[in-house]
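Reading through the structure tokens given below for one structure.
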Amino acid sequence: DSLDFEWSYWIEWGREHILWLLVGHLLVSQMSQLFLEKYKPWCLMVYGMVACWFLLGIKGLAVILLHAITSFAVAQFKMPFLTWMCSLTLLSTLRVPAVEEAKRKWYDTENEYFLLLFTLSVRCLFYTSFSLEYCWHGSTQKSSHSFLWMLAYVFYYPVFHNGPLMNFDEFSKQMRRQEAFSLKTNLGILITGMIRIFFWWLLAELMIHLMYIHAIYSSSPPLETVSYWVLGGLALAQVQFFYVKYLVLYGVPGLLLRMDGLKPPALPCCVSRMHSFAKMWRSIFMKALITRCVCHFTYRYIYIPMGGSQASTLGMLFSSALTFAFVSYWHGGQSYLWYWGTFNWLGLIVENGIRRLLCAPPIQQLT
């Protein structure tokens, strides 16, 4: 079953190029940690730029640099609103037909163009994170929020194409931290991590080859003939595959982050353990993984700044609505994504409303 585009796409790129470039990053990281510890962030930055040039070409590298420079320039005004307008404008350029057509001509295949598109979308989260942190911090921290550190953050290769996301403050703080280098410890982390990832990959491949979840979903006649119990089982199977898929897709960069002395975002919780819709989304926000790590980003940079759960009821509704709106827009802004965001938002409202009703004193007295 090859109809899961995301899995097939990243596995193909991984086998051909990305996996080998990640091995190169690992070697550069360990050598710089051993011999050039002080210059490790800049060694990794240069490697990330070279890897970007190798896969996306000089024009792809130039576009990412242009976006980063533009965001950094706007951040100098220290106005989060302007930073958001800049980021949304840059993100919107990815969907301008004339711009799309021009970028397609840079590459021989559609897959190469999609790699640029995915990379630019994820890079948008990174340079926006840097710029917002820059706006929030005082002049005393200017050296730790320099343009050079922005480039080191934006071109950090393990999370370059598909995430997951670390906010800039976490990245810079952990990258600056000097720790004793132990080849034996790192080798143990690498071997253990590779065994776990291989198991997850094998499980995902077995699900793809034996269950045919996506092939069944691609045709409506079989779905119209089965019972609701079967439909529920198919939905659960698809969600379970989604979970295992991201254990692999985020497990690989997470392992490299640990090898670099960084703390990666925790891997996703199994969806079968979730019994509350609100708890599921809180887990997603905090784990920063499901839906490609965008939810953690919106939690820190949209939901909390707009008041979040500490605001009034209307303020909380507005904060969560903006969160789902950005997630829908970042993923492409197609109509089905707006429906998805709206229904998820309404689901949270209904569940929270019922929870508050059940916690009311009269109801508590009855129970």
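Using N, Cα and C of the backbone, Cβ positions are placed for all residues, glycine too.
Annotation source TrEMBL lists transmembrane segment at 43-69, 111-130, 150-168, 189-214, 226-249, 311-330.
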Checklist entry - What stretch, picked from 43-69, 111-130, 150-168, 226-249, has the most CB pairs under 8 A with the transmembrane segment (311-330)? => result 111-130
Item to check | Recorded stretch that, among 111-130, 150-168, 226-249, has the most CB pairs under 8 Å to the transmembrane segment (43-69) | outcome: 150-168
Checklist outcome for this item: Contact set of the transmembrane segment (111-130) with the rest of its chain, CB cutoff 8 A exclusive, min separation 6+ beyond the ends, reads 9, 12-13, 52, 55-56, 60, 63-64, 67-68, 71-72, 75, 83-84, 87, 90-91, 94, 103-104, 145, 149-150, 153-154, 159-163, 165, 167-168, 292-294, 297, 301, 330
Checklist entry - For the transmembrane segment (150-168), what are the same-chain contacts with Cβ under 8 Å, counting residues 6+ beyond its ends? => result 10, 13, 18, 21-22, 25, 41-42, 44-45, 47-49, 51-52, 64, 68, 72, 115, 118-119, 122-123, 125-127, 129-130, 133, 175, 249-250, 252-254, 256-257, 260, 262, 264-265, 288-289, 292-294, 296-297, 300
